[in-house]
Amino acid sequence: MLQEGAHGKWTVSSSDESAAEDSDSEKPCTSSVSVAASGTASGPQYPCSEARKAAHKRKASPLKLTDNSLSTETPPAVKQRPSQEGSGWCLSSSDEEPEDEQKHAHRETVKEEKYDAPNEHPLNLCKDDKLSENVKEEEYNEASSQAQDIWDLVNGGNPFRFFLTKVSGIEQSYNSGALHIKDILSPLFGTLISSAQFNYCFDVGWLVRQYPQEFRKKPLLIVHGEKRESKAELMAQARPYENISFCQAKLDIAFGTHHTKMMLLLYEEGLRVVIHTSNLIAEDWHQKTQGMWLSPLYPRLPKGASGSAGESATNFKSDLISYLSAYSSPALKEWINLIQEHDLSETRVYLLGSTPGRYQGNDKEKWGHLRLRKLLKEHALSIPAQESWPLVGQFSSIGSMGADGSKWLCSEFQESLVAAGSSVTTFRKCDVPIHLVYPTVNNVRQSLEGYPAGGSLPYSIQTAQKQLWLHSYFHKWSAEVTGRTHAIPHIKTYMRLSPDFQKIAWFLVTSANLSKAAWGALEKNGSQLMIRSYELGVLFLPSAFGLDKGYFHVGRTKLPEGKDSATYFPVPYDLPPEHYGSKDQPWIWNIPYTDAPDTHGNMWVPS
């Protein structure tokens, strides 16, 4: 895996190891707080990651191919080593696991998803680099004139209630059936009483402006994982808004994050739950591929209904309450009580969450990949010749997988993903084909955002150089089917498909990237599951949609509305995935790309 180009071949000294490889490099960088507080254009106006800060810097100060200011210096923590024929990236001798790396905690620098000022702009839509947020909002308002169509869409023939977000700069027909955050918060969906926003990264001022004027002073609870300086900055953002309160998720295990993305929306007419993949910042709703599950409108139960009333066949109500209870927060107890008062029986998806902790006994199967294993064993049909049904995983960040596949990916993680029915067969050494979809350098370079899109793909050279074996599983991002090939994915999806890629045994949309921190890792000879982060997703199983054959069909095109619509699942990208070519490299955020310009004529030098 040779990273060729103007930057040559890269290695990392052992003294500069990333502190949190296991947590897919999603650690807070509080160094941006002073920048944010100063109000300069050199950084976003809220706490962010090194990767997103680099993207913001390059957007604010683009480096053209002929730019004399183009830096050729080696980025921090990276040094160049003379070419060694056939060696690819040179590996350092250090191969620390997160537990060993805690002594380097002061070096944690990359938090996967925070960056971008609230006034970032659609460069491909306007020649004026100073395009203001007001213009962007006008563009949105024009697009939202089909509000009634959106209402019909959400309440009509979409049995899965799975949607993509709108993307600026693609053919408008591909935004038909997609939703912007303003659509979700529209009065058409309900008369808002109060809401709770669970997320990883917040631009509070931007978030408030996404609510309709008449709802902007309604009580809003922000559930976050910020600490210390980052927490202070978040609080400072919210100071102008008396209606905003906070719930800080406890993160007691090193390198964990509050990565869940969920909205709880209480209306006069009922309750709605939205589980999605977007940060609450402008850029995540602009030119990225993102996904969401939007619940039906849940009506209030009659007074005096029993505690178990309003449950779905998928146990969604009690699972959601169990997830919220894991926060042990008085602020969320109010929402738990509200959920108990509503009828969630129409829900057809299964909830799949992760919460930080070390779990044993029955608790081991409540969260993470063991929760997925349990659901598949109990509710998925066993598949004939199932070892030939490949797995597809698609994500925007990658943690440390270990020295080879046997350490986690092709052992405990794969075992969970191939579970089906009461089958106890296990497949070792990656007997089941695994297709991992992660953008190439060219995917990023040719994207709508250009190289700065890579700020939300924080795979670091420090992690990549230790697991070159993993890259043989990588497949390109391509989404011609949804017009989103050039909208870099921040969505995360996992599924099991037939060998011809025409049938789907199950489909999961989630906040969880490919990391042990998100999914959990077995400890103590398999008797304990350790999870570092909060994550949340929903699982689509054919049995919950009245299908007895054990699979959905892959829905590649729009289908006429009718009784068969539930048999075709709308996978948001092209199948089968295309394997990396010989010259393709995975996007790595913290090395420069100066050989070829991006779609805006710019280079990428992160330092």
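Backbone N, Cα and C define each Cβ position, glycine as well.
Bear in mind that TrEMBL entries carry predicted annotations, made automatically and left uncurated.
These figures come from a predicted structure and were not determined experimentally.
Under the heading active site, proton donor/acceptor, TrEMBL lists HIS490.
Same-chain residues at least 6 positions away in sequence with a Cβ under 8 Å from that of LYS492 (substrate binding site) are, in sequence order, THR277, GLN394, PHE395, SER396, VAL509, THR510, SER511, ALA512, ASN513, GLY537. Marked as substrate binding site by TrEMBL: LYS261, LYS492.
As annotated by TrEMBL, compositional bias 'Low complexity' applies to 30-43.
The compositional bias 'Polar residues' annotation in TrEMBL covers 81-93.
According to TrEMBL, the feature compositional bias 'Basic and acidic residues' maps to 101-119.
Summarising the annotation, TrEMBL assigns region 'Disordered' to 1-126.
Annotation source TrEMBL lists site 'Interaction with DNA' at SER515. SER515 (site 'Interaction with DNA') counts 30 other C-beta atoms within 10 Å of its own C-beta, drawing on all protein chains shown.
On the backbone, the CA of SER515 (site 'Interaction with DNA') and the CA of HIS490 (active site, proton donor/acceptor) stand 15 Å apart. A straight line from the CA of LYS261 (substrate binding site) to the CA of HIS490 (active site, proton donor/acceptor) spans 12 Å. Of all Cβ atoms in the protein chains displayed, 25 besides its own lie within 10 Å of the Cβ of HIS490 (active site, proton donor/acceptor).
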